[in-house]
Amino acid sequence: MKRRGWVQRQGWVGYAFVLPNMLGILIFLILPALFSFGLMFTDYQFSNPRWSFTGLDNLRRLFGDDNFYDSLKHTGIFLLSVPAALVLAFLVALVLNRSVYLKGLLRGMFFLPYISSGVAVAFVWMLLFQPSHGPINEALRWLGVVSPPGWFADSGSAMYAIDVVQVWFMLGYNMIIYLAALQEVSAEQLEAARIDGASTRTITWRILWPLVSPTTFLLLITGLIMTMKSFALIQAITQGGPSGSTTILSLFVYKTAFSYYEMGYASTISWFLFACIFAITLIQWIGQKRWVHY
Amino acid sequence: MKKKWLLGAASVMMVAGLLAGCGSDNGGNNGGNGNANGGATEGNGAQSAGGSDAGSGTGEKIKLTLWGAVPEEAGAQAVLDDWNKANPDIQVEYVRYVNDDPGNLKLDTALLTGQDADLYMNYTLNRLQKRVDAGTAVDLSGSGYDIDGQMGPDAAQWKIGGKYYGIPTKKNMGFIWLNKKMLDDAGLPVPPIDWTWSDLRDYAKKLTKDGVYGLLQHDAMFTATIDGTVAGLGLTKPDGSSNFDNDLWKQQFQILHDMMFVDKSTPEYGEQLTSKMPVDTMFLQGEAAMLSAGEFIFRNANNLKDYPHDFQIAFATIPKVTADQKDYKYAGGLGDVLSVNAKSKHQEAALKFAEWYADGGMLPMASGGRIPSSKSVDNKQAMDLMLKGVEDKYDADSMNKVVFGSFPSFQLAVPQQVLDARKEEYEKYFLNKQDLDTTLANMAKEHEELTKK
């Protein structure tokens, strides 16, 4: 009897300690999330006091909305930047892990984008990608390309141009994490492989790549989640244009909620976005057994 | 037994506390400080709130907040300084918001709480409509201020459901700014009032030189002609279907497309879009012969220090599509609609300020091109304020005809979704991703679908 009383009392103290934090999470995270879940079933418009429950109308509208399918497709293209950034970062980390000249400087240079201001970076890329006299297209023309792509100015290429910026952005962070992972790899293993006559290529893809697979897994999951949610970069560069070609799901939510004030519909889209992220993470979690070696 | 347990518990906790203290000294201290600070700021908050209450109680001073998008230094602060000097009992404070989505969201949030937003400016009918729906705009019909009488017939375009929810305070103007020197050099006269897009195309073609565009269009003016066209035609056809596929739009789009890709007398759409061309600066630097824009350019055009230019500026109307086009409306009418928040505690004082503002209080902003629409204001005085010291930079004749002339105008009552969907479609056309007929058909289809709901 008395023993339990003491346990209970101490348990109470423990809860008291986490209370301030939990209160914050409850008020600023859980309640709004529940609220938005409720909004899904209404036609609530921000600031408009008249609203009603509409059941599953928002979901029906979502699956009949061309703009939604377009933004889903754009999100898919945007997600390509994650594996691209991973592989590139791995290769860069490999090189920078060896003894090369100016190693410190190069590492710093690759990491620089990650710590610079996103909006400033966006403007630099807009100048670089300027279609008629930007440095990139000037260089392409000099190399003999007759009509270089319009990059951000063309609805066919804009999403891929955004991918380029995103890869460049994520590269430094991924590289640093990979560098740390590569330094964990024991020299004996590599030496043994070399004695057995393994080529650099074999060592890279058969030994190093599997050995850093937990890192790849971590970066892949966090990268996909971050990319699906990311918003600032595109908002700064194209605002979802031209002709909606860079409107990914998160921008679609933003536009619906804060430009059209359709909070009910916007909540529906964001819960769909959440479901996507959740599903992707779950699939990876299950799939990891096949390729992640701890 | 009980005491022993207590003792044990206490000693365990003390040890734990000590260990925690040693283990992460910094963490512990920071946590403590954080809490202490939190408490302190809360205390301050309570105090200051009490202080302001006491202040309003004793002095009976009313404090109002006005939200507007004009930068403080462009005359907005000068207006409030005038008022505050003359009305010590009603002090008005200015909050500048940027007239974009986040800015308007901020304003709408402030309006809902009823705090710190007593008066606010609306710049489009869409936004005003939302605020009326939200119940945050006072119906001014019963205010005793005769909006129709003071502001003239164009004011009625701002009525919602037959009622005024704000006072339109300034004359909106949209026209083509012309570099008179380039016109003279090319032997072209200032175009007549009723010119058309074909004429404009000819002009632009003749005026285009190396490093000089014939025509630049400000974003805000890109749809001025097609909007003015449907304002006359009607948004829908007699049978209720959308009018967004009308033949006049087709002709105008075609001409503009040709100007971009055949004549190259105006920037290609994608390029202008992504390089965020500073069209006003380019025009004032002589990199364009014509600029389609609103009166807001006066702010820069009158500023010879930062935007030096030696040419005179002449004006032309935004052309209609064809010479025989009937019922074409011109970009213009009235703007800067000043509303009183229905959740404000000081609506009477706010209304008093609004009337004063509309009937001439706003004059310090005239130099930036904001000409009051109230008949209580002497037009000549406003013009003089606007052109003080730079009279010789403008062609007086065309200025009188175009800038101070009166034309049939409109306010477009089309929801933002429809405008965005329309833009998405015509962008495809101007980016050469979609042919013109498909574009028009899609615009009409989207219009019908979005307004059906």
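Just so it is clear, glycine is given a Cβ too, placed from its N, Cα and C backbone atoms.
What TrEMBL records for A:71-284 is domain 'ABC transmembrane type-1'.
Among the features that TrEMBL reports, transmembrane segment is placed at A:12-41 (among others). Remote same-chain partners of the transmembrane segment (A:12-41), defined as residues 6 or more beyond its termini with a Cβ less than 8 Å from a stretch Cβ, comprise 53-56, 58-59, 263-264, 267-268, 270-271.
Annotation source TrEMBL lists transmembrane segment at A:77-96 (among others).
Feature annotation from TrEMBL assigns transmembrane segment to A:108-128 (among others). Long-range contacts of the transmembrane segment (A:108-128) within the same chain: residues 92, 96, 134-136, 152, 165, 168-173, 175-176, 232-233, 236-237, each at least 6 residues beyond the stretch ends and with a Cβ under 8 Å from a Cβ of the stretch.
Feature annotation from TrEMBL assigns transmembrane segment to A:158-182 (among others).
Among the features that TrEMBL reports, transmembrane segment is placed at A:203-226 (among others).
Beyond the ends of the transmembrane segment (A:232-253), by six or more residues, the same chain brings 67-68, 70-72, 74-75, 78, 118-119, 122-123, 125-126, 152-156, 158-159, 162, 165-166, 169, 266, 269-270, 272-273, 276 to within a C-beta distance below 8 angstroms of the stretch. Residues or ranges marked as transmembrane segment in TrEMBL: A:232-253 (among others).
Beyond the transmembrane segment (A:265-286), the same-chain residues lying 6 or more positions past its ends with a Cβ under 8 Å from any Cβ of the stretch are 36-37, 39-40, 43, 58-59, 61-62, 68, 75, 217, 220-221, 224-225, 228-229, 249-250, 252-253, 256-257. Residues or ranges marked as transmembrane segment in TrEMBL: A:265-286 (among others).
Note on the transmembrane segment (A:203-226): residues 79, 82-83, 85-86, 89-90, 94, 170, 174, 177-178, 180-182, 185, 189-190, 193-194, 277, 280-281, 284, 288, 291-294 of its chain, located 6 or more positions outside it, place their CB under 8 angstroms from a CB of the stretch.
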